[in-house]
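Chemist: I'd like to ask some things about the structure below.
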Amino acid sequence: MKEVKCDCGHVNPIGTILCESCGKVLEEKEKDKKLLDMRYEGSARRSQTYNKTIIDKIWNFFSSVKVGVWLIVITLIASAIGTILPQEMYIPPIMPAEEYYEDQYGWIGKLYYDLGFHNLYSSWWYLILIASIGISLVICSLDRVVPLYRALKKQRVSRHESYLKRQRVFGASQAEDTDQAFAMAKEKLKSKKYSIREEDGNILAEKGRFSRWGPYVNHVGLIIFLIGGMLRFVPGMYVDKILWIREGETKVIPETNGEYYLKNDGFILEMYDKEKDKEVFEEAIDKAGMVAKNYQSNVTLYKKKGDTVAGEEAELEKVKDYEIKVNKPLRFERFALYQVDYKLNELNKMSFALTNKKTGEEYGDLTVDLNDPQDVYDLGNGYKAEVVSYFPDFEFDENGEPITKSRVPNNPAFVFKMFTPDKPDGEISFVAIRQTIEPFGDNEYKMAFKGIDTKNVSALTVRKDLTLWIFALGGVIFMVGVAQGSYWNHRRIWLRRVNGEVWVAGHTNKNWHGLKREIEAALDGTGIKVPEDQLQNQSEKKG
Amino acid sequence: MVTISSNLLYTAFILYLIATVFFAGSIKDKNRTKKGPNRWAAIGLWISIIGFAAQLGYFITRWIAAGHAPVSNLFEFTTFFGMSLVGAFIVIYLIYKTPILGVFTLPVAVLMIAYASMFPREVSPLIPALQSDWLHIHVTTAAVGQAILAVSFAAGLIYLVKSVDQTKQSKQRFWLEAIMFGLVCTLGFIIISSSFSAAGYKAEFNWIDKNGQEAVLEYHMPALTGPNEGQLTTEGKFEPLAEMPAIINAKKLNTVIWSLASGIILYLALRLILRKRIGAALQPLAKNINLDLVDEIGYRSVLIGFPVFTLGALIFAMIWAQIAWTRFWGWDPKEVWALITFLFYAAYLHLRLSKGWHGEKSAWLAVIGFIIIMFNLVAVNLVIAGLHSYAG
């Protein structure tokens, strides 16, 4: 590799624009400029130096901030498009998405669906955009941070005249007593928390260099964050299940390998009450009608004790009681259970009496647990009812046959076979809510409806997310980096003696107003003239 | 307590208006003997600080009355945004001492608070999802971040008012005037809706919604656009000029039309009085300001605001979403628009640092950034429904 040796004796890597050590301009085309381009300290960036192989070309493409900004802008526009209509996950499940969009939003909805915008954020092209931003982050950062680090580490105190002269803040003047003026300025700069380096009687005052690493630190944070997103796709890292659990029911918690069980001790729904709650809410409650106050499931968490053979009832050990509310999930091991939904008054039990239709005489009651019906209910004295078929969510299909839509007892129906001493072969009766069908002609007995018993059901989201700490780490690093880069400035002030004159130059990565004020304060009383802002002078001459 | 609270807000509102006048006066003041802000500006600053304190009083008393931080609905949030904007202005003013920043920031804050009061103002109880300490942590941080970013909008506007050539026709001149017109329309909306609400205008309609259900809709402005198959049931009120299909929200469209119309009338009146563009009329206010300084104020505000915004609107938001909604990110429209804001200011910073987009380009970006923030505040709550629709 060819290297560039500067007049000062420092050997710079190829492609260097400003000597890392003394700051002399090495690049021919930079020499005519009135002010130096101080970005990345004029260091040799790979992307600006090589452009031969395919790897160079890819590197150069992704290392360009222009490309990065385009990627950001395209992602921004794409994200905005995704909010025009609701995404598929937010539409009510009343009909298939394909019909829903056209039905609700007309041809715009159809177009939106056809273009795949209903699932925009998980579309392949959106993911490619995000991935490209990730690649751009890595390459952009590497391309700049390494040479920048070198340049700032190798910098000398006595910078080349051509370097100082072409700083934005620069001034040359005579001082009566240079030594004294320098000593005074040094003290003042020290009190402003500058670290001072001296060489041949020249001064470099520098502070806040670490703010230059802010952008790279926050990019590392973002990359870690994106890696967290990728890990979501690894099986076992992320669990998203829903657990519907009735009051009184004990269920195994999914994805816990049968280790944990949950019992629902009761679901509570509370509404705000004008009488009981704060008076100030009265007007709002009047206006809204009903305002929900609390959704709560009281649960008991159990852990399985020892090993059990399949089919054997597990022996459970109570872990704890907990009230799961919105904003107050139940956490155990790496799981969290969230209150997300509920159903009030789901049918739970139905009671019937085996009755003689003519006399109305009853031969015993039976209660069917709609979630776990028995096969036969023996009423004694030779009376019994057999459940031949059970349809928890009954309707007739197109052939007129009874079917069940789901396993949830929304509309239970039974086919009973009633055995009595005088009808030992049994009578068949089809019993649903408010209807009884006797398919084989007139029966002598019927299952008379006695009553129902309802229960509330809680819906809990079962969540395990082993990637969370990665997102948290990425987020923290990002915030540190962004604060580091935003709230601190890297400021340098050079004081150099040149042929009996005092040259002062200043540079900052941002907030020039602050730098100028500090220089002004540092030079006050030293007799050294306050340097001028050459950029401002330029623009004022133009304007 | 609630009455004290509203009175304090009202006081703050008036004080901000007065402070604006003083800041404007400090620029017009010809007896500038010494460098730096003059007496008018000093008074303006004190009035702003007292106004801010009054509004802080409103915030605290309302918090005590409700038992939760008053940032739970559109009125409370927008008011808080206005207060944060004044707070951010005061801080930035103390660094840079530029009275003109007050002339542009305070009216925006005043507009914001006035706009906020067009929404239901009663103290509302918290639904279960909002019952968390993260409510005030997340919402206030996000609002403060947005408010600091909004200062860069004010700075951008000052930059453009000064730098855009008003004597020649240009795209810049047109768009600058368009921004002014937008602000005037907001004022139009506030004037027209508070006038109708002061007059107690109410007209009820029976109509058929898009699911074919009969429903009742109450208008608070005369209906120019009526709802689908709407029947006016309140006697003696204005019959709609046109009927909208069920898919369009006729009531909101009606409000938009009224606001636009009053905005246009107001704008034309202003043009008649001023005899020039609003941009041109404001130009003398900016004549003494250094463009580089304004540019730096804008940039500085973005630098200060961006981390705060990210912390409040993304990071705290994610933590809360993980607790309340089981996942830290769900592509809800409000979340997406917070991401868009984040991406936009990230692009702003990259363009500035690496592509040298300073000065006018930067000023335009600051203006667009503010439009995005306002879109997220207004449109995402009122037009695009999502989990964050607490507007009522």
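Keep in mind that glycine also has a Cβ here, set from the backbone N, Cα and C atoms.
TrEMBL entries are annotated by machine, without manual review.
According to TrEMBL, the protein carries these features:
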type     : residues  : note
TRANSMEM : B:6-27    : transmembrane segment
TRANSMEM : B:39-65   : transmembrane segment
DOMAIN   : B:72-175  : domain 'Cytochrome c assembly protein'
TRANSMEM : B:77-96   : transmembrane segment
TRANSMEM : B:101-119 : transmembrane segment
TRANSMEM : B:139-162 : transmembrane segment
TRANSMEM : B:174-196 : transmembrane segment
TRANSMEM : B:256-274 : transmembrane segment
DOMAIN   : B:275-388 : domain 'Cytochrome c assembly protein'
TRANSMEM : B:302-323 : transmembrane segment
TRANSMEM : B:335-351 : transmembrane segment
TRANSMEM : B:363-387 : transmembrane segment
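Distances, neighbours, how buried they are, the whole picture for these features please.
Modeler: Among residues of the same chain six or more beyond the transmembrane segment (B:39-65), those with a C-beta under 8 A of the stretch's C-beta atoms are 1-2, 4-6, 8-9, 11-16, 18-23, 25-26, 29, 76, 79-80, 82-83, 86-87, 89-90, 93, 97, 99, 102, 106, 123.
Mean model confidence for the domain 'Cytochrome c assembly protein' (B:72-175) is a pLDDT of 93.
For the transmembrane segment (B:77-96), the list of distant contacts is 9, 12, 16, 45, 48-49, 51-52, 55-56, 58-59, 70-71, 102, 105-106, 108-110, 112-113, 115-117, 119, 139-140, 143-144, 146-148, 150-151, 154, 293, 296-297, 300-301, 305, 377: same-chain residues at least six beyond its ends, Cβ to Cβ under 8 Å.
Beyond the transmembrane segment (B:174-196), the same-chain residues lying 6 or more positions past its ends with a Cβ under 8 Å from any Cβ of the stretch are 108, 111, 114-115, 117-118, 157, 160-161, 164, 220-222, 255, 258-267, 270, 277-279, 364, 367.
Sequence-distant contacts of the transmembrane segment (B:335-351) (same chain, at least 6 residues past either end, Cβ-Cβ under 8 Å): 142, 146, 149, 302-303, 305-306, 309-310, 313-314, 317, 321, 329, 357, 361-362, 365-366, 368-369, 372-373, 375-376, 380.
With a cut-off of 8 Å between Cβ atoms, the residues of this chain six or more beyond the transmembrane segment (B:363-387) that come close are 74, 77-78, 81, 129, 146, 149-150, 152-153, 155-157, 159-160, 163, 175, 179, 252, 294-295, 298, 302, 325, 330, 332-334, 337-338, 340-341, 344-345, 347-348, 351, 357.
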Chemist: In terms of Cβ proximity under 8 Å, which residues at least six beyond the ends of the transmembrane segment (B:139-162) contact it?
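Modeler: Answer is 69, 71-72, 77, 80-81, 84-85, 87-89, 92, 100-101, 104-105, 108, 172, 176, 179, 279, 282-283, 285-287, 289, 291, 294-295, 297-299, 301-302, 304-313, 316-317, 338, 341, 345, 359-360, 362-367, 369-370, 373, 377.
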Chemist: Do any residues, 6 or more residues outside the transmembrane segment (B:302-323), come within under 8 Å Cβ-to-Cβ of it, and if so which ones?
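Modeler: Distal contacts: 88, 132, 134-135, 137-149, 151-152, 329-330, 335, 338-339, 341-342, 345-346, 348-349, 366, 369.
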Chemist: With DSSP, how much of the domain 'Cytochrome c assembly protein' (B:275-388) is helix, how much strand and how much coil, in residues?
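Modeler: The breakdown for the domain 'Cytochrome c assembly protein' (B:275-388) reads 89 helix, 0 strand, 25 coil.
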Chemist: Just to be sure I understand, if DSSP states are collapsed into helix, strand and coil, how many residues of the domain 'Cytochrome c assembly protein' (B:72-175) fall in each?
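Modeler: Helix, strand, coil within the domain 'Cytochrome c assembly protein' (B:72-175): 79 helix, 0 strand, 25 coil.
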